[in-house]
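Engineer: Quick one: this structure, given as structure tokens, is what I'll be asking you about.
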Amino acid sequence: MGRRKLVVGNWKMNGLRAQLGEVEAIGGLARDHAAVEVGLCLPATLIAAADGVKGGAFIGAQDCHMKANGAHTGCLSAVMLAEAGASWTIVGHSERRQDQGETDADIAAKALAAKAAGLKVILCVGESLDVRDAGNAEAVVSAQLLASLPEGAASDWLAIAYEPIWAIGTGRIPTMEAVATMHAALRAALASRIGADADAMRILYGGSMNGDNAAELLAIADVDGGLIGGASLTAEKFAPVIAAAA
Ligand code: 13P
């Protein structure tokens, strides 16, 4: 097995050129912790500039269009993001599923477009608080994962991020037992679709992950890294998360 830990910052709609110093500092942390794969998914406006200061980190995007080009005002294709310097992209973040009404089918199509452009992909899934409280979160999120999973899903280009919606930006996280149960369920769901390669696919946890809880979360058997929002915005906050993964 030996899945290399993957720790990725998602800056969401944060970051101007003034923050490129943080990118550079995080790139330095990545170089110092080469056992961990570290990346930053930045606003598209920063990708090209960040590519020059990324150090040991990779630069990723936060979304891509499902087409390579065309009449889609305001959208960016995976080809464009790759040319700008991205080597990964997130697809299916819950904020886009909610704000932009993205469906599971859209997300699978975006993942395939990213792969065609040479990008690796982090595909996000996660349940609402209502689903969690109803007690069937594993079944709902497993179904969401299988519905969003692209054709040809494989561990060499795809990683999964489990992000409970109610844990994002709230300071609340599930119990360690709940995270362990969910990640094991998602790996079983992957195995039902892609067989033995499910063992090699990284399943990240995301949602209020920070320097205080990262070590405990990353010690869970099926937790292969993290997708981190707020605690990735500065090198000072991100450093203990990267160190915990190393
Ligand atoms: P926070 O770490 O700010 O809770 O955000 C998590 C997230 O949504 C990462 O994609």
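Positions of Cβ are set from backbone N, Cα and C atoms, glycine also.
Keep in mind it's a predicted model, so treat the numbers as computed, not measured.
For reference, TrEMBL lists these features for the protein:
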- Asn10, Trp11, Lys12, Gly169, Ser208, Gly229, Gly230: substrate binding site (BINDING)
- His93: active site, electrophile (ACT_SITE)
- Glu163: active site, proton acceptor (ACT_SITE)
Engineer: Write down the Cα-Cα distance for His93 (active site, electrophile) and Lys12 (substrate binding site), rounded and given in Å.
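Structural biologist: With distance taken Cα to Cα, His93 (active site, electrophile) is 10 Å from Lys12 (substrate binding site).
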Engineer: When the number of other CB atoms within 10 A of each residue's CB is tallied over all shown chains, which of the binding-site residues Asn10, Ser208 has the maximum?
Structural biologist: Asn10
Engineer: Whose Cβ lies within 8 Å of the mean position of the Cβ atoms of Asn10, Trp11, Lys12, Gly169, Ser208, Gly229, Gly230, the substrate site, other than those residues?
Structural biologist: Asn14, Ile168, Ile228, Ala231, Ser232, Leu233
Engineer: Under a three-state reduction of DSSP output, how is Gly230 (substrate binding site) classified: helix, strand, or coil?
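Structural biologist: Once the DSSP labels are grouped into three classes, Gly230 (substrate binding site) ends up as helix.
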Engineer: Return the residue, from the listed binding-site residues Gly169, Gly229, Gly230, with the maximum count of other C-beta atoms within 10 angstroms of its C-beta.
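Structural biologist: Answer by Cβ density within 10 Å: Gly229.
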Engineer: Compute the C-alpha separation of Gly169 (substrate binding site) from Glu163 (active site, proton acceptor), stating it in Å without decimals.
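Structural biologist: Computed Cα spacing between Gly169 (substrate binding site) and Glu163 (active site, proton acceptor) is 11 Å.
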Engineer: Might you list, by sequence position, any residue in that chain lying six or more from the residue listed as 'active site, electrophile' with a Cβ less than 8 Å away from its Cβ?
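Structural biologist: Same-chain residues close to the residue listed as 'active site, electrophile' (Cβ under 8 Å, separated by 6 or more) are Asn10, Gln62, Asp63, Cys124, Glu163.
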Engineer: Which binding-site residues from the set Trp11, Lys12, Gly229 have a C-beta atom lying less than 6 Å away from ligand 1?
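Structural biologist: Once distances to ligand 1 are taken from each Cβ, Gly229 fall under 6 Å.
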Engineer: Which entry in the list of recorded positions, Trp11, Lys12, Glu163, has its Cβ near the fewest other Cβ atoms, using 10 Å as the limit?
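Structural biologist: Taking Trp11, Lys12, Glu163 as the recorded positions, the minimal 10 Å Cβ count falls on Lys12.
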